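Accompanying notes for the structure given below.
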Amino acid sequence: MSPDLVFYSLHVVNAIGLPSVLSGKSPNAYVKIKIDDFSVRTNVEKRSNDPVWNEEFQISIAKDLSSTLSIQAMHDGSLCHTSLGVASIRVRALAEKASASHDINLKLFKGKQERGAIVVRFKDITSTESAGAQPAEEGTDLISSAIQRAAKTTDAMKGYNGEIMDTVIAVKSSDMCGIILQYLDKLVSFGDSISQVHPYAKLAWDVLTIAHKAFKALQDRDDRIKTLLSTAIDMLGFLDEIKPLPKIRILQDTVSAMMKQIYECAVFVHTYGERSLIVRVIHDNLTSAEDDSIQRFTQEFNRLRSSFSDSTNIQTWIVVHNVENNVAQLTSTLETLKDLGERIYSLNLLIPFFKVCNLAENERRLKELPGADLKGVRFDEDHACLRGTRQQLLRDIHVWVQSSDINDPSKRILWLSGQAGSGKSSVANSIAMLFDGLNRLGACFRFKRDTAGLNSPDGLFGNLCYQLSHFNKRLRCETLNMIDAMGNIGSSSLQTQAKKLLVDTTKGAGLVGPIVVVIDALDESGSKALRKPLLLAIAAQLAQLPSSIRVIITSRDEADIRASLATCADELCIDRAERTAEDIAYYIDHRIEATKRQYSYLPRDWPPADKIQDMYRRAGSIFIWASVACNFIEGFEDDCDPVIQLNLLLDVTKPGKREAAFPLKALDELYDGILSNAYPGKTSDNFHYVAGSIVAVKNPLTSIALDQLLGLGPDLAEHPLTLPGGWLIRLSSSALIISQIRPMLSMYPTGSNGREGVIQLLHPSLFDFLTGRADERFRIDLSIQNSLLALRCFATMNRDLKLDICKITNSSILNEEVENLPQRIDSSISPALRYACRFFAEHLIEVRDPEVLLTIALDEFVSLHLLQWIEAMSLLNQVTEAEASLNILANWLKELTSQNIKIVTIVNEAITFLIAFGRVIRLSALHTYISALSFTPKWSEIYQTFSPISPPKPENTTSSHPWWNASARVLEGHTDFISHITFSPCGKKLASSSHDQTIGVWDVATGQAIGPPLARQNGSVTYVEFSPDGEKLVSLGSDGMVLLWDVDSHSVAFTYTSRPSYVWLVAFLPDGKKIASASGNKTIRLWEAGTGEAIGYALEGHTRNITDIVLSPDGTKLASASKDTTVRLWNVENGQEIGSPLEGHTDTVACVSFSPDGRQIASGSFDGSVQLWDVETGHKVGLPLKSPNNTSDWITVRRQDWVAWSPDGKMLASAPCSATITIWEADTGNEIARVATGHSSYIQSLVFSPEGKRIASISNDHVGLWNAENGEAIGSRVADAAGANSVRFSPDGKVLAVSSYKTIKLWDIGAPHGNKFTHSSPDQHVDTVVSYCDSVTFSPNGLIAVSITRGSYVMRGDDPPTDNVIRTVQLWDVETGQAIRPGVPIECSTDSSWSQAKFSPNGKKLASSADSQTVQLMDVGTGCHKSILKQHWAVQLQFTPDSGKLASLSIDDKTVRLWDAESGDAVGPVLITTDAIQSFQFSPEGDKLITITKEDTVQLWDAQTGYQIQLIVCNYFGGPKDNVFDPPLRPQVAFSPDGRSLAIESRIRYDQFETHIVILWDIKGGREIGLSSRRAYNNINDLRFSLDGKRLVCRASAPDSPKARVWNLETGEVQTLSHLDSASLADFQLSLDTLSIDDLGFLNCAGTRLLWLPLVLRGAKITSHKSVVLLGGSIGMTFIRWAAQYDLDSPEITRLGFC
């Protein structure tokens, strides 16, 4: 030991009072410790101001204690790490404090500010370490002696466990690799004496042996490699000089680190040597980087050697510190070498890792990968092979990893097969551990039959990708790019996930191998049907992984797995592995010895040799038999006697002669014997209840959670639990049953205490035994058990669910904004409740004949706790799963012979509830009640059931509830008109094209976007279509560009620019290999879909633009329609026209369609007819089919869906230029039915359902669904589909998709929960069906509201469409939400959406206008009205303060006119200006009036005489006059309360700085009397005086400006306020006026989220008065009323309470 060093233990206990970070949250805290050159840090404790670490570090310090210790508290932020405070202290002072106190508080400072404290403990351990150390000289002699003894025997050339090496390498002094191998031979020969070193020495030996010749060749021609190998030999030279110290862990740590680095060095050199000369020449610019890396590698070997040498002179444990530091640096070097390999792979040297700098954000994005958050998938150290067993098998696998042919894809997967219980998973764990220790384990995934998430294939590839992204930075970058491209990856097929997430990302990362991926227990990934797609994906994709990756898969030898892996994997059968019997015997011996150590009273010669040999024989080749048997012998109770247990074991089992016929027979007998020992006679209900639950649960539970779920407790002793089937349960805990079958269970520790663990069956074979082959006494009936668990799930939820379960109380915050939500969930939602919420439906679906108790519990759950369950599922982020559970429940209820209609109705409505409001429920759990229930129809069963027992919520008067229909799932995302929609062939995806220059790809099941939109650079997207295989999309743009997209990667496969000819039609051929396009040059072209290359010549013949193209079902023919009134047929193979043009139409042929059998063509024309043609002859089939009242006045050139064939080709539906659908018999042309749809305009699209029994039609007002056989309406139309332009059935006919302006709606028309079209029947032809609200406002007292709506007439029967637009003025009673008498039509000559309505100050009169030309004056009390001001373009209306006159502003003649409010007659003068007037305003007395012009003036008028009093010029500048800007549009102007002053807004520029100011103007004196600060505002939204006229308030509209500035006119002081209090609001007669709708759809008031609004309400006109909000939109008027205490005009509404 060095006399200059002493050793201390530094224990970092906790921190006290750490400061919060800038966001106001508690820090993610850790501690950095630095002393001299030594530095170390603790782990991160998240979100705590008083974190606890309890971490201990050993440090060496100069003996004089003069060093300074620095302890720095840090915050681990998402973007950077910031210091919270630092404490520095001399070691001597710290030692003195330690002698006086156990815990030492070190205050933290940042600058001079105190920032909390760190509590540490400091202890001198020099003497302790010295006492345990042997003299260095003695250690040296021991190691040298051992080496000499090993060299004298052939054992020196043996592998571990007596394994003879296959090759003895002759070592020459010039063969450096051979010298290193000789050293490794010596280490390997020491075996268990250096157990920590041995595995890595063996691996290094293996890789060097494989690459020996390549190393020799490299060494001879590359001095750099020679130097590197020479340094490695020097490092290992200690094996010639010293003896091993078998029991000294420190030496093993050091040598183990050396072996790992030798392994990495060998891999690097091997990879370096494989690079060809030409590659080296190409990458010559990287040579210097390689030199630097090799030099650093060499330096690290030297440093390791020095550290090892020092360990013989100083205390050995200090070497760990030195070596670990060096190993950390060497690991960094190796990362550099890996990065070097990545850089060698690509010439693009500028692919750095900047994308991984934001670790928190990137981690969030990586968590989007399917299965990324699965727990328990990595290797399990406790269930790896016992050291000393399976050595040959492990070596065979390692040799395969190192030596597989990198050019043979079938050599990249190794399948380890074997029977149940043979130890496959233990081998998988050992391999994963081994390569993890070498930093070569890319990923590991263990399937588990009894664990949710791990018993299905859905999360495999996403989780593997997630692990690999943490293995390599470049791979992480590639993964993030792929996430950005794919978006909702979980909706992609498993094969696509494997290709995109594993193959494509790893190929793009340039990884240096070998990198090992382990997939364990593939047979537990689900049923054969469920795992079929997984096996196809593995076979097709994993073999395409880069040569650097090796995949090891373990599973039982099952037929489907063998068939899939036969051609793509090497097989290694564990049942045929060498030394299996010996390994099992070794394992049994090891466990017996451990038992003897545990029970010290056992004799040394126990057990007798015959009994131990008997155990060997009975175990046979089944490792799990040995494991269970040893568990049984060892026991888990204090009073267990192993001698008795062994005798019992041998009594209840028999030697296994039957293994050949049935290998698992011995295992079954073992299970039966253990159970028979615990239950000699008949088993109890208690056993089946507890053991059956452990077998049947969908996710393992701890014993505490199991007790909670099963309802066990002390009170059951007196009041037993009665269950269906007459079971009586008298258990206080499941512990007794668990202890009786404990040898067959595993308990994986969870939680911080490590004592509580989830209970699982030790092996899947036990599940097979208990549910199938077991004796009747022990057999578990899964049907009964699922029924019991379903009952207990409902009982648990009925007991524990409650309103606001996590006590959030504030409904204005989102789930993600709730402070400490995970902790709240843990404390409020028990594991048992969490399990019940997630899995009740999965148990229920297995129940075929429910008991009465189960139906009672179900009824209670549905009728009392359903919304509380939805709230809990929102908090658990399980809303999608909640919808799936409700669908399972609905289907289950449907199958019952006896149904509770109310319960069935509520469940069906709950599905609609989740579809309609799932978006807001995902965002905020409390809005399940506040928003979702508020907008649920009051007539619905779910509303009537839960409204009385829910918290106070806003009430609304909407009666139509358009969001509550067809389980309409709204797809939001486009920002402009949607031009086309189409389903993928599988029906799981929907694509949409839009004028916002994007293509959306959507998941039909969830309605969520799959990835970001596919974005074009220029122009709208007018059309999109899936390829027949669903993997590609072709899109057409308004700029004439055709793009082919890869659906999953969101990348462009090729681009075709058609200029100068515009392409407006594209279509895939049925085989998906070609694309047809039609251009503006009247030609058609064919393209290779894979390359974008043109095929042959253009198809020419049409004389005018082509309007439609379509391919025959067999893909051999193409039909085209044109403006030239013809249809032409083309041969796809040779591009020749077939026959003559098909002539007969007299106007543009708008659409053309092949019959399903390809024998006929139907063409629809603007001449109002549909013509059938025989494809073979080109002749007409029958007469033209004409619908009534066809006109051709709407002619646009775009693809029309006017003609549709039924799938069987027997019917044809048409509606060219009509609102009527005619259904024809295709063979005869006879009319089958005529459908008067009630559409208000021409039908834009009609389509048959896949089964041919339904027809869907759309116009721009609604969607109709019709019976194809008789034309009758199915259900009711969807009246909220305003602007609909495209309709499509999904391939299975269960979903109807409708695009409407910016959104897409999906109706689940095949769901079991009732009729989806819930609006008025199409037969009810009312005058107006579509109305849009243009204006809404309240009366001065807030009791009456007025709306102005516009609508269109509906066609009656076969009437042609009309362009008439009507406007209606409607008064509403705010209290009841009902209309006050029928609405009054108002004259309107334009289709403008502009309108206005103004109440008189006394509320008795109403002036309204809809087109600026006519003003309607109404008596509010009587409803009498008259039209005035005709031909006077009134753009602004305002009553005088006394309500006696109405003033109107006309921009047409630049006048302001006055009218008598009673008679409507013109009174007073006409005010005429020379400039265009923007607005006007009366003075408080009404005797004066000001006008604001578009120029730079404010004019003051005498309202009685019409004379201009003053002209105020608003130019202010500070510099040259050319810097002056015009006043802003409609500047704010305000009269003082006494009418003597004016406040006027003006905009100026001063020294190039633009700002807004306020001028105070004296009316009587005609002069400026005040000027506000120049830097007043960027913009002014409101300007007004206080009631006493002494203050002036300016409120900003710009978001970056202060909320308000108050100007004291007496003192000149200006005060900036973030908000105005109630007193100020009243003083200035202001309301908050801050109602808005945010991007998430929430109605906001003063920054508080009040209510989420359905999409149809978000474009509404909005106003409020007190606690009432009025929304006027396309569905009419909606009043939303809060309780009176919620005054929306009060600034105190900053938080909504939740009762």
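From the backbone N, Cα and C atoms, a Cβ is placed for every residue, glycine too.
TrEMBL lists 1-104 with the feature domain 'C2'. If you look up TrEMBL, you'll see 971-1012, 1014-1055, 1056-1097, 1099-1140, 1142-1183, 1203-1234, 1474-1511 marked as repeat 'WD'.
Under 8 Å from some Cβ of the repeat 'WD' (1099-1140) lie the Cβ atoms of residues 1064-1065, 1067-1071, 1074, 1076, 1078-1080, 1082-1086, 1146-1154, 1156-1158, 1161, 1163, 1165, 1173, 1175, 1178, 1197-1200, all in the same chain and six or more residues away from its ends. In the predicted structure, the repeat 'WD' (1474-1511) carries a mean pLDDT of 80.
For the repeat 'WD' (971-1012), the number of residues in each DSSP class (helix H, G, I; strand E, B; coil) is 0 helix, 20 strand, 22 coil. With a threshold of 8 Å between CB atoms, the same-chain residues lying at least 6 positions outside the repeat 'WD' (971-1012) that come near it are 484-488, 491-492, 880, 915, 918, 1018-1026, 1028-1030, 1033, 1035-1038, 1045, 1047, 1050, 1285-1286, 1288-1292, 1295, 1297, 1299-1306, 1655. Residue counts for the repeat 'WD' (1056-1097) under DSSP (helix as H, G, I; strand as E, B; rest coil) come to 0 helix, 24 strand, 18 coil. Look at the domain 'C2' (1-104): DSSP puts its residues at 10 helix, 55 strand, 39 coil. Across the repeat 'WD' (1014-1055), DSSP helix (H, G, I), strand (E, B) and coil residues number 0 helix, 25 strand, 17 coil. The repeat 'WD' (1099-1140): residue composition by secondary structure is 0 helix, 21 strand, 21 coil, according to DSSP.
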